Amino acid sequence: MVACNCGCDDELTKQLDKIIDPYRGNPGGLIQVLTKAQNLVGYLPKWVQIQIAEGLGVSLQEVFGVITFYAFFSLIPRGRHKISVCAGTACYVKGTKMVLKTLRELLDIKPGQTTPDSRFTLEQVRCIGACGLAPAMIIDGKDVHGRLEPEIIPGVLEQYA
Amino acid sequence: MKSLDELAKIKESRRAALKIREGVPSATEKAHVMMCGGAGCISSKCLEVVDAMKEALSKNGIAEQVQIILTGCMGPCDMGPVAIVYPDATFYRRLKPKDAEAIVEEHIMKGNLVQRLLYRAPGAKEPTPKVTDIDLFAKQKKIVLRNNFYIDPTSIEDYIANDGYAALGKALTQMQPAEIIEEVKKSGLRGRGGAGFSTGMKWGFTAAASGSPKYVVCNGDEGDPGAFMDRSVLEGDPHSVIEGMAICGRAIGAEQGYVYVRAEYPLAIERLDYAIQKARENGLLGKDILGTGFNFDIEIRIGAGAFVCGEETALLTSIEGKRGEPRPRPPFPANAGVWGKPTVLNNVETWANIPEIILKGAAAYAAIGTEKSKGTKVFALAGRINNTGIIEVPMGTTLREIVFEIGGGIPRKKAFKAVQTGGPSGGCIPADYLDTPVDYDSLGALGAIMGSGGMIVLDEDSCMVDIAKFFLDFVVDESCGKCSPCRIGTKRMYEILDNISKGKGKEGDIELLVELATTIKATALCGLGQTAPNPVLSTIRYFRKEYEEHIRDKKCACNVCELEE
């Protein structure tokens with residue numbers, strides 16, 4: 001077999017096929033397939049998009065259109081841990097600016113960027129619904145850290161290698 | 001479960017087992033500890049308290065005689081982790097793992113309340129041990145959150161014990177579809193997503209629409225920043241939403257439902273998914289429900305982070321796997337919804353009201369609230385307020401009661417400035433209107449909206465220009481870009497506000513903002529654009545002086561804006 005140089009990975013290709021199988025020929029499953037594919041690969045590179053487009057029977061343009069519409073999907077690799085700083089109203093009035101400033105200083109990256117060691121990706125999200133704990137952030141989509149102050153943020157980050 | 005009789009039997013036996021939660025001491029059990037397992041308390045590490053308590057119970061050899069139940073959100077997030085110990089209904093707050101031993105050894109074993117963990121009202125010397133005596137809870141009226149102190153959200157039997165699925169049973173065996181719709185109409189229930197359209201009329205249009213199959217959809221894409229009511233319902237009582245949707249399925253002749261939930265709510269998705277599985281296993285979803293021949297099932301669709309998908313036509317498009325862009329109405333979803341078929345779309349909180357309306361009747365429900373806004377409303381209190389969290393009050397409760405009596409007022413003796421309702425579509429209501437009864441129409445008249453129920457309290461340190469700018473920044477970011485009034489108009493408004501906030505505003509800027517706002521409201525395609533200027537218009541209406549100070553004096557009295565020299 002000739003090695004392909006598009007960046008795809010044999011093992012991942014097979015697993016991606018398994019994700020696509022229940023939705024084959026069913027364009028309605030596009031968002032669900034993309035969500036699972038991103039969980040598998042970490043982001044959505046072109047080879048993943050092509051495989052999904054062919055599998056579901058939609059155009060590549062449509063796949064790209066959906067990916068770029070939703071904030072959850074990423075075209076570029078992300079860090080091992082995703083820090084989502086809540087920028088909802090309650091957090092905003094209680095100190096989102098401070099949280100972001102502290103994180104920018106600690107990690108030396110801006111929202112949307114990933115640290116050079118691929119440990120953290122920093123982003124801002126619109127309300128995680130933890131307004132009672134404002135200001136808050138959520139790490140890896142599940143761990144909510146609330147009542148943040150500049151002094152406690154380094155300790156929070158230490159929990160994520 | 002194949003019949004109503006079986007449902008009644010489960011209810012009876014489970015109810016007896018849960019007597020202790022109604023205050024009746026049990027011969028075999030010492031206590032039920034209801035630990036709040038809402039997302040707020042989980043992030044305040046309530047699970048560590050649970051572990052410590054289990055350990056203390058085993059150490060004392062009474063693990064078999066005490067149940068620890070992780071409930072849905074109890075409301076007072078800022079006091080978390082909180083717990084209620086039955087049968088005496090003692091409310092404990094700010095629990096740490098090290099407190100578990102005291103509760104077990106003192107309270108549960110000896111009957112002595114642990115004084116230092118009890119709630120004390122602001123300024124009060126004596127604690128208020130009993131949950132029902134605490135002002136914050138006593139002034140509430142719970143319909144949507146009826147189960148939150150009582151059930152384990154992962155137990156379908158607990159839900160059944162408190163009349164769960166009895167309304168579905170009634171709708172399937174004693175009511176014709178038209179009667180169900182009539183009952184919902186008579187209840188006066190209006191859409192809790194914010195727009196306030198009559199739920200019964202919506203169902204009626206969909207039932208009458210030609211086209212098949214029909215669909216039932218739940219909007220759980222709670223995107224308004226500062227709102228987390230739907231999350232609390234889905235986490236704390238997912239079966240109430242399932243039951244409400246199934247009743248609608250019977251009323252309009254639909255067999256398939258979808259719940260669209262935000263990806264940002266992983267715990268809500270997990271609990272709902274589990275509840276759907278349990279409902280299927282028990283024959284309350286799927287084929288031939290309760291042996292009546294009625295079929296209904298529900299699928300979860302997870303949103304992928306787009307605020308505009310809370311708009312109904314955008315949400316329906318997103319369910320189909322496409323870019324969630326809104327489209328013009330008509331046709332309304334009642335005629336052309338998911339896959340172009342007739343669809344009822346209601347918000348999570350609306351669905352949670354349905355079982356209660358069907359079971360207890362429209363008249364009982366309509367007796368609560370104001371003339372044109374019936375029932376209760378769940379609000380999420382946040383911002384500069386003492387008691388942050390979830391509350392449920394009758395429609396018509398005044399803002400003053402909500403902010404000062406239930407919410408406990410403003411921290412650090414600061415002065416109240418405004419309450420922001422309705423998120424990016426709403427407005428700021430100043431102190432002069434604190435005695436306004438909260439309902440759809442009175443808030444609308446003030447230039448705000450009811451919205452989905454987020455209430456952010458602002459104090460004297462909050463700059464209103466900055467708040468307006470915050471919301472416009474949000475809208476600019478979340479505008480889908482399909483129509484130009486929203487895509488370009490909000491961007492221009494943001495630029496003007498940004499200049500004002502930096503001390504670079506000019507005379508005429510306020511008038512220009514109003515002109516742009518009026519045009520956008522009149523011409524944008526969907527609800528997002530049509531309401532986007534509201535935060536700016538309402539802050540200009542009530543706090544024009546602050547805008548003028550920024551423009552003329554190059555000064556931010558609250559010291560929030562970073563003015564450039």
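Counting starts with 1 at the first residue shown.
Any Cβ shown, glycine's included, is placed from N, Cα and C.
If you look up TrEMBL, you'll see A:C86, A:C91, A:C127, A:C131 marked as [2Fe-2S] cluster binding site. With a 10 A radius on its CB, A:C86 ([2Fe-2S] cluster binding site) counts 31 other CB atoms from all the protein chains. A:C86 ([2Fe-2S] cluster binding site) falls within a strand when secondary structure is assigned with DSSP.
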Revision key, fill the gap. Row A:C127 ([2Fe-2S] cluster binding site), column other C-beta within 10 angstroms, all chains, value 31
Review point. When you tally the Cβ atoms that lie within 10 Å of each candidate's Cβ, which of the binding-site residues (A:C91, A:C131) has the highest tally?
Key: A:C131
Review point. Using DSSP, would you call A:C131 ([2Fe-2S] cluster binding site) helix, strand or coil?
Key: helix
